[in-house]
Amino acid sequence: MSMRIGQGYDVHAFGEGEKIVIGGVVIPHHHGLVAHSDGDVLLHALCDALLGAVALGDIGKHFPDTDMQYRNADSRSLLRMVYAKVSQHGWKLANADMTIVAQAPRMASYIPHMVEVIASDLQSSASQINVKATTSERLGFTGREEGIACYAVVLLESR
């Protein structure tokens, strides 16, 4: 059995708004995220990891922010399209591990729902998906509450 690993990263700054979307879950917050799409840093990092594992470039190549059809796009839809491409190339998810870096808002209570959403969109079980959140101990742009970052790693296996 062949295996491939992919890594992804995304970041968005806080801006106007009263909610953010992370892992496909709406989270109330005193800021929104500045983005062309819905700004879901977790799903964007996951898309990059999946695309990278299959050597298909990155999310910007497939869904450029210069293309108005992706304006305010639902990142869950983008994730499903990315996973369809991965599947068409003969790969399936073995596991995915993601880390959200944010001083605020607190993510712990939303993580179980994020796992369910991602597992559903990737046609996998929740046991294949791990989401965790951490702070940067008030250091850097996330520590100053200027934005949110996310890292993602995936392992794919041949179908």
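The backbone N, Cα and C atoms fix where each Cβ goes, and this holds for glycine too.
Take the CB of Thr135 (site 'Transition state stabilizer') and look out to 10 A: across all protein chains shown you find 16 other CB atoms. Under the heading 4-CDP-2-C-methyl-D-erythritol 2-phosphate binding site, Swiss-Prot lists 10-12, 36-37, 58-60, 63-67, 102-108, 134-137, Phe141, Arg144.
A helical conformation is recorded for His44 (divalent metal cation binding site) in the three-state DSSP classification. Within 10 Å of the C-beta of His44 (divalent metal cation binding site) there are 27 other C-beta atoms, taking all protein chains into account. As annotated by Swiss-Prot, divalent metal cation binding site applies to Asp10, His12, His44.
Counting only same-chain residues at least 6 apart in sequence, those with a Cβ under 8 Å from the Cβ of His36 (site 'Transition state stabilizer') are Asp65, Tyr70, Arg71, Asn72, Ala73. For His36 (among others), the entry in Swiss-Prot reads site 'Transition state stabilizer'.
As annotated by Swiss-Prot, site 'Transition state stabilizer' applies to Thr135 (among others).
Classification of Phe141 (4-CDP-2-C-methyl-D-erythritol 2-phosphate binding site) by DSSP places it within a helix. Neighbour density for Thr134 (4-CDP-2-C-methyl-D-erythritol 2-phosphate binding site): within 10 A of its CB lie 12 other CB atoms from the protein chains shown.
Rounded to a whole value, the Cα-Cα separation of Pro105 (4-CDP-2-C-methyl-D-erythritol 2-phosphate binding site) and His12 (divalent metal cation binding site) is 14 Å. Scoring each of the binding-site residues (Phe63, Phe141) by how many neighbouring Cβ atoms lie within 10 Å, the top position goes to Phe63.
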